[in-house]
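Below: the structure, in structure tokens.
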Amino acid sequence: MIDRQNDNLFDLVAPYEPAGDQPAAIETLTKNFEAGAKAQVLMGATGTGKTFTMSNVIKNLNKPTLIISHNKTLAGQLYAEFKQFFPNNAVEYFVSYYDYYQPEAYVPSSDTYIEKDSSINDEIDKLRHSATSSLLERNDVIVVASVSCIFGLGDPREYQNHVLSLRPGMEVERNDLLRQLVDIQFERNDIDFQRGRFRVRGDVVEIFPASRDDHALRVEFFGDEIDRIVEVDALTGEVIGERSHVAIFPATHFMTNDEKMEKAIESIKAELAERLAVLKGEGKLLEAQRLEQRTNYDLEMMQEMGYCSGIENYSRHMEDRQAGEPPYTLLDFFPKDSIMMIDESHVTMPQIRGMYNGDRARKQMLIDYGFRLPSALDNRPLTLPEFEEHVNEIMYVSATPGPYEAEQTDIQVDQIIRPTGLLDPNIEVRPIMGQIDDLVGEINDRIEKNERVFITTLTKKMSEDLTDYLKELGIKVRYLHSDIKTLERTEIIRDLRLGKFDVLIGINLLREGIDVPEVSLVAILDADKEGFLRSERSLIQTIGRASRNEHGQVLLYADKITDSMRHAIDETKRRRTIQEDYNTAHNITPKTIIKPIRDAISMVQSVEHPEEIKMTNEIDLENMSKAEKLEMVERLSEQMRLAAKKLDFEQAATLRDTILELKSEID
């Protein structure tokens, strides 16, 4: 067991002070939580600095914080931002560690069994271990997570009970320490020294913690006593410093002991006998034979090796839980007085709600056809009510909060003023009759002013037809759709900003990374067709694309004003009025955001000259030779590794996609 530090303070480091609506929002949110509020909504318009407000609230409350985002990319962006704001505290990243994951499944119509197949990202596994160990060691922890945080993770009590605490002067036999390391799933390897392994050289034991990728621990013995503990560079062996105490956490989150394993095996055998009787009673002899064969094989593996493939399906037995009881998750590693923040809650909360049902439907099929025992259903994500039971204090953050948030709390704090003084755009509704000719006139006006245009349509065909029509008129236009690869997509956005073309057409321009300050006009065609792409929230998010430019305008082409349109227009007008009044009172003139235009493939800071950011020349794939492409792959691979080391996962992922596309070009 280890004692948790509870007296650390969050130290917010930022080159600017709160501005606009931020000071009032920070004060209100903090005071409400301190007064006992359990749930609040931060309704922050695009570009108002919601992350900075969240950081200030974390600093004021000084509690361990879990921030949940709806995808890995956004979680990576938030992680990087919070790392900058809190360089002296533990900011951790917890997302699914699978690069590739094919879940186990059975398709009865074609009698096809699909084996589970996965590829684990070692870097993310390290970060997950870092997150859980930080939560047990200290109180000044921020964990940025994806929805994977509601999936089973193992019992935190077992994890904590297996922590090895070592100090110089402590009496312990070297061989006893080696046995303890094996018990907590460390592997001995005297040659290939990496995460989760240890090696032995005489009276010296070197341990590579699962939460590190560069520093190892060297434990030096004198007889049966620990003489010295030093932290060393895992690659060079150079001593970094002496340690008076170290806590070595298990190499896996799924810890158990021999007694629990024996009990679990007996429990699995009992369930198997019960299930076989049911299947045979229903005349399902093939299913019964299949289940008996598969389960007995798994039991043999567990008895001999302490492990089997797909052991997570027996997690209920391993953790001694009752049927239907919720699994342990990352949320159980947080102390009771923690705070939760849900980023883009209008998307994230429906995701959390939907995880359980999707998982159950797939598993039920495996159980019905004799591939798994019914207890496999208890290896699952949390249900929404179970998730809510873990909530102490929660803050929903969104530009367009959903109905769930409204049900949970009536406390909504608005953040509408942008520190830049920029206003929400003007909105005009125009008739569908003659919409294209009207739009062409507006496009030409913007081209004369060297500004850009977004057009969003409802169908792929309409996008393609409109693109062809505008090209015939001599307008420089591109079409952005889901088939476009990552590299090409970032280059299209960059070319739009550079003015290589003036109009970008797409179906759903809400995706991250399409914030282009040069865009002064957003045209929404068929705005009165109710549906997902024309809902109130989608319209507000799309309207927000024009809020980065001082001349921002939105045209809604529609023959009638739907409820969604009315609400979106009213909300935008309300925000704009508040922003105008604030600017007048404080004598602020809105200025378009100046955002540097980087190459689609840009050099990460070089190791030799970290102060320099080197840009590659524009890449012309069509005219590059094979040798040049191979050289480019090598250079980009180096940049990708460097970006991952600097924890810039968004950049690393972009570079990875670029490398894959270059390789496919070469092949």
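Using the three backbone atoms N, Cα and C, a Cβ is placed for every residue, glycine included.
So that you can see what the record holds, here are the features copied from Swiss-Prot:
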{"type": "BINDING", "residues": "GLY44, ALA45, THR46, GLY47, THR48, GLY49, LYS50, THR51", "note": "ATP binding site"}
{"type": "DOMAIN", "residues": "31-414", "note": "domain 'Helicase ATP-binding'"}
{"type": "DOMAIN", "residues": "435-597", "note": "domain 'Helicase C-terminal'"}
{"type": "DOMAIN", "residues": "630-665", "note": "domain 'UVR'"}
{"type": "MOTIF", "residues": "97-120", "note": "motif 'Beta-hairpin'"}
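The structure, with features from Swiss-Prot marked on it.
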{"residue": "GLY44", "record": "ATP binding site", "Cβ contacts under 8 Å, 6 or more apart": "ALA25, LYS50, THR53, VAL397, SER398, ALA399, ASP414, GLN415, ILE416"}
{"residue": "ALA45", "record": "ATP binding site", "Cβ contacts under 8 Å, 6 or more apart": "ALA399, GLN415, ILE416, ARG418, ASP424, GLY544, SER547, ARG575"}
{"residue": "THR48", "record": "ATP binding site", "Cβ contacts under 8 Å, 6 or more apart": "GLY20, ASP21, GLN22, GLN415, ILE416, ILE417, ARG418, PRO419"}
{"residue": "GLY49", "record": "ATP binding site", "Cβ contacts under 8 Å, 6 or more apart": "ALA19, GLY20, GLN22, GLN415, ARG418, PRO419"}
{"residue": "THR51", "record": "ATP binding site", "Cβ contacts under 8 Å, 6 or more apart": "LEU78, GLU81, PHE82, PHE85"}
Using a 10 Å radius around each Cβ and all protein chains in view, which of these binding-site residues has the most neighbours: GLY47, LYS50?
LYS50
For the motif 'Beta-hairpin' (97-120), DSSP counts of helix, strand and coil?
3 helix, 15 strand, 6 coil
Env. residues of ATP site, Cβ within 8 Å of mean position of GLY44, ALA45, THR46, GLY47, THR48, GLY49, LYS50, THR51 Cβ:
THR53, ALA399, GLN415, ARG418
Tell me, what is the mean pLDDT of the motif 'Beta-hairpin' (97-120)?
81
In terms of DSSP three-state secondary structure, what is the assignment for GLY44 (ATP binding site)?
strand
Enter the number of other CB atoms within 10 angstroms of the CB of THR46 (ATP binding site).
19
